[in-house]
Amino acid sequence: MCGISAILLGDPKATTAAVDLHESLYYLQHRGQDAAGIAVCQGGRVYQAKSNGLASKVFDEGRRIAELPGFMGLQYFTLEISYRRNIISIRSTVNSPFGLSMSINGNITNPQEVARFLDQEARRHVNTASDSELVLNVFANALNELGKARANVDDIFTALRDVYKRCIGAYSCVAMVAGFGLLAFRDSNGIRPLCLGSRPSATIEGAKDYFLASESIALTQLGFTDVVNIKPGEAVFIQKGGVPQFKQIEKRDSWSLDIFEMGKVHPCMPISCDSFLMLFRLVYFARPDSELDGISVHRSRENMGRKLAKKIKDTLSKEAFDEIDVVIPVPEQTSNTSASILAQEMGKPFSNAFVKNRYIFRTFIPGQKARRAGIRRKLSCIKSEFKDRVVLLTDDSIVRGNTSREIVQMAKEAGAKKVLFVSCSPEIRYPHVHGIDLADRDELIAYGKTAEEVATAIGASEVVYQSLDDLKDACREAIQDGYEKIDFETGVFSGQYTTPVPEEYFEHLERLRSNKKRKAAAITESEGGAQTVLVASGGPVNVSSRNHIQDEDVKGPENREDVSIYNFAGKA
């Protein structure tokens with residue numbers, strides 16, 4: 001999972017685009033803590049800063065923004081959503097044609113096919129396996145094939161058709177054409193969100209600044225209004241000094257999708273909805289103060305609590321229901337909202353009886369061994385809230401079961417008489433190919449197990465899951481007035497994916513996860529990689545290191561943006 005944003009200031013002579021991009025990182029930091037980067041353009045030159053780590057570390061608490069002058073730019077940050085990509089290389093740049101830069105929130109499910117096309121037909125060098133580099137090179141190749149020395153907006157949209165033709169998956173993208181303008185586009189099914197807003201220019205009367213982001217909260221907090229969602233299959237180009245120009249590249253109503261269930265092909269079925277927003281995003285990841293395609297994240301989670309309360313009443317015996325003394329959420333905010341409404345609907349007391357250490361980050365980021373060791377570092381109990389009570393623990397989901405098992409044990413150690421565990425989402429039984437790379441299928445605790453077997457595995461008396469239909473309804477009922485009909489990408493729960501997913505893709509991910517586990521020690525050493533600044537122009541590309549980084553640290557291939565560009569600069 002990752003987050004993206006982009007800005008074009010109404011004043012082409014402005015140099016402060018990086019200020020807003022940097023600020024947006026903090027509003028969207030929940031979407032990724034592994035790496036961050038910003039690229040901006042001034043004239044025909046592109047300046048970039050990127051590294052692994054939190055935004056505050058990467059940009060030295062904002063001090064590095066002085067290195068990034070420009071009137072437009074884009075940024076990214078990421079979780080390590082797939083083992084086939086090098087975190088620091090996710091944001092990509094190519095000099096030819098026209099000086100293109102791109103950030104992608106998402107992934108493609110046919111990377112081998114795209115890589116073969118680029119290598120064997122397009123004859124383009126791809127330096128990493130990152131999806132952004134694959135998508136960007138497909139786009140760059142299509143622009144090259146137009147054979148024009150200068151591109152106009154229609155050329156940009158024409159070339160983009162080849163991306164939709166060749167790149168299958170879930171993605172929203174922002175791209176920058178050096179000295180020309182910003183491009184943004186969204187996958188044909190609308191699985192990944194993207195929104196656009198505007199505000200008056202601070203320096204030119206009548207002009208407007210434009211901002212794009214993965215979540216609406218970044219726009220509203222920065223003073224951008226008139227927020228609109230980019231539609232599935234739609235692109236928007238904002239030329240320097242101009243206004244947004246929208247184009248429907250891939251018409252949603254023309255699609256009939258093959259729905260795959262773990263590699264088994266089902267007959268094509270027409271899809272009548274306008275968008276397939278990723279359902280798991282609303283349960284687990286989005287900020288509660290955001291709206292995604294018109295869905296209030298906060299309201300959807302309240303609705304999840306109401307529907308889960310009914311499911312609990314229908315599932316438990318009257319005796320088991322009556323003996324529940326308290327409802328306790330597993331931090332953090334995602335389950336807190338649902339649990340408070342659930343307790344209200346059940347007529348039970350609510351208690352924030354777990355205390356979260358705010359200096360410890362999500363436990364899915366480290367490896368399996370570190371994850372287990374970190375749970376108690378992350379959470380502690382208020383023992384008086386557990387002692388001699390039957391507790392109902394509420395979490396947003398149960399993935400591998402490691403966190404759930406440890407939390408149940410902590411509740412028992414704190415004196416709980418009995419522990420019941422409920423999940424705001426259904427059973428997670430399948431790989432999350434369009435989102436966070438959660439685990440191998442066999443590592444998912446619900447795969448091949450009943451709720452009773454999961455309860456035994458985590459040490460709880462009972463486990464109750466939200467039903468998939470109730471989860472969909474909870475989110476649909478939170479759609480604001482005036483928004484279009486929507487459906488959801490539910491592959492992680494149902495095994496039915498919105499886009500075709502070949503069996504070789506699952507096998508490929510499992511091989512790479514295995515390789516990642518074998519190389520865990522080496523990868524841990526590399527996570528503090530060198531911080532670099534890429535300066536791209538019509539001439540050589542220069543890579544300069546921070547003062548405290550030695551030259552030999554920068555020259556390693558893992559720190560190069562592109563080997564061919566790097567060689568041209570005479571640095572190899």
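Glycine is treated like the rest: Cβ placed from N, Cα and C.
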**Study point:** According to TrEMBL, which candidate in T315, T334, T490 joins D395, D396 at the Mg(2+) site
**Key:** T334
**Study point:** Distance, C2 (active site, nucleophile) to D396 (Mg(2+) binding site) (CA atoms, angstrom)
**Key:** 19
Exercise for review: Name the secondary structure element type, per DSSP in three states, that contains D395 (Mg(2+) binding site).
Suggested key: strand
